[in-house]
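Here TrEMBL flags 234-357 as domain 'Histidine kinase'.
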């Protein structure tokens, strides 16, 4: 239903007011310590914090969605995303003040629904940017000023990671019987080797489905190493890196009678970082192309999947959002992602994950 003019105006004013307030950053360590005793009182405090914090973060993104360059704000896909943000802002702002356990449980159900509403933000935004690119920038070269859109997308996705982390963490703390060592979304004893194995199997099965075969993946490192991290974040990053490597190797050796070299994953334990290297012999990337791999819209895929049609799930070649978004996930908790390539040989991706958990979220 369409909101009447005065209501829409009132919401717009409210969004403007909340969007100018200061956000409050949270660190991984704080989330672990706070969540380690999910008493009713702590859950109530958490919900009260979110009732103030989420509207600020959501309003900031809604405002930014309205003022994008190159007419991007007017693209149907972007308008759809903006509507999701405005709906979520309204849902939280018009929810009665959380004062007791019943309020808290109802609030938790409501933010759970908000998280579901925003599930498809990344592909929908990708579609909007793709529409713009097809209309305006048919050449391979992007126009001057396009980095403004890149900067916006970085801020937008970083903020989305934060919003989803806060909601997901709060919702997960209601789990009646959490696994040992798991606090909300954080596994205090996460095994990077184990996550690498699962992500590798997932990526290989997609490669098999698409090409009929897949290179082997060898994983090296200390089987007993554990550290605190968000399992779903690590899985997402490793899945993306391994998928890219498998595709490069597969396409390089597809019509060759040479032995197909394996993709190698090496996990190293440092005092500051746990570093995971994903190493392939897939032919590498030209040096001139390297700066582009972290820009949205750079996809080496020949034909982009049509996002209007039904989605068959993940494909080997995406929308050119995988690497930049993975790097944001790494940076969200103080880590980083670097890609080093040897053209004519292969590519090494270094995923640095901060062990310290002290750095506050980067708040765009």
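We number each residue from 1, going along the chain as drawn.
Just so it is clear, glycine is given a Cβ too, placed from its N, Cα and C backbone atoms.
In TrEMBL, annotation is done automatically, which means it is predicted and not curated.
Note on the domain 'Histidine kinase' (234-357): mean pLDDT across this stretch is 86.
When DSSP labels each residue, the domain 'Histidine kinase' (234-357) comes out as 39 helix, 31 strand, 54 coil, counted as helix, strand and coil in that order.
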